[in-house]
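Annotation comment: TrEMBL describes 190 as active site. What TrEMBL records for 194, 195, 196, 197, 198, 199, 200, 201 is ATP binding site. Positions annotated as domain 'Fido' by TrEMBL: 100-253. Residues or ranges marked as site 'Important for autoinhibition of adenylyltransferase activity' by TrEMBL: 55.
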């Protein structure tokens with residue numbers, strides 16, 4: 001049974017409080033739907049770039065952006081890796097509110113490595129070590145950073161299942177603690193020959209979604225790790241000896257940094273909107289309804305907002321004029337959707 005050891009230090013408790021405050025401030029901004037969609041798209045691109053770069057992918061941020069936003073067909077392994085990661089993030093809500101099972105983990109790895117490597121979707125059954133080669137005056141040697149505890153498929157599956165079982169009993173923990181503990185243990189087990197870090201960060205995003213945090217919509221974590229990849233790796237493996245407090249503090253610092261950056265970005269973006277383009281409080285209510293219903297008629301908006309049909313038409317027309325909403329159809333059969 002997985003039993004993590006750590007201490008909720010005053011520093012860690014302070015970070016948890018700050019994280020919750022920053023996230024609440026972001027949610028309170030009432031971001032216009034069109035702006036939110038654009039920033040979400042940017043977050044998905046940024047996450048795809050950073051998470052693959054951490055693992056050594058050589059594509060630049062400009063190359064990744066061009067690849068993903070222009071729907072280019074990948075021509076090599078590096079491009080395929082990025083596109084696979086981006087595609088999973090775009091559709092990750094399909095896994096939301098469901099228990100993360102061994103099948104989930106294997107399926108995500110299969111999608112991630114599809115068209116990249118034949119190991120896609122296969123738990124490893126061979127010994128591996130994590131490290132790097134170092135050349136000192138012509139003497140090349142492997143510096144091992146981590147030797148996973150298990151090297152047989154059945155052992156790895158058993159340990160991974162124990163971690164997943166623990167995850168389903170750890171909902172009372174603060175989200176950043178639950179996800180931080182999961183992050184370390186998954187990488188510690190190293191269940192696949194390749195792709196472990198990326199699958200882990202996808203699973204972390206899914207865990208945050210299941211805890212009510214709109215990761216990728218509001219913020220990403222990968223760019224924090226990418227700032228200093230060696231430090232990220234060192235902090236991650238600092239917990240291999242058994243005490244996870246130091247790693248959890250680093251992990252929480254990363255979430256604080258990401259939320260702080262997101263809050264600043266969203267606040268600045270809101271300020272750049274021309275005053276007349278900013279939705280009124282009533283228009284924001286209408287946008288929230290549109291987000292929920294996807295497609296809706298003016299009479300339904302009137303009913304939900306408790307306003308007249310004429311007022312509902314005026315609200316929706318104003319949102320169309322501001323480029324936030326699109327009208328489909330004509331006359332009585334017309335409906336509205338977020339642009």
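Glycine is treated like the rest: Cβ placed from N, Cα and C.
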Quick check: which same-chain residues outside 194, 195, 196, 197, 198, 199, 200, 201 lie with their CB within 8 A of the centre of the ATP site CB atoms?
55, 109, 112, 187, 192, 202
Just counting, how many other CB atoms are there within 10 A of the CB of residue 197 (ATP binding site)?
23
How many whole Å apart are the CA atoms of residue 55 (site 'Important for autoinhibition of adenylyltransferase activity') and residue 197 (ATP binding site)?
7
Cβ-Cβ neighbours of residue 201 (ATP binding site) (radius 10 Å):
24
Least Cβ-crowded entry, counting other Cβ within 10 Å, from the recorded positions listed as 190, 198:
190
For the domain 'Fido' (100-253), what is the mean per-residue pLDDT, to the nearest integer?
92
Neighbouring C-beta atoms (10 Å sphere around the C-beta of residue 194 (ATP binding site)):
18
If one measures from the C-alpha of residue 201 (ATP binding site) to the C-alpha of residue 190 (active site), what distance in angstrom results, rounded to a whole number?
13
If one looks at the chain holding residue 200 (ATP binding site), which residues at least 6 apart in sequence have a CB under 8 angstroms from its CB?
183, 186, 187
Tertiary neighbours of residue 195 (ATP binding site) (same chain, Cβ under 8 Å, six or more apart):
109, 112, 113, 117, 119
Distance between residue 199 (ATP binding site) and residue 190 (active site) at the Cα atoms, whole Å?
10
Taking every protein chain in this structure into account, which of the recorded positions 55, 199 has the most other Cβ atoms within 10 Å of its Cβ?
199
Under 8 Å Cβ to Cβ from residue 196 (ATP binding site), same chain, six or more residues apart: give me those in sequence order, or none if nothing qualifies.
186, 187, 190
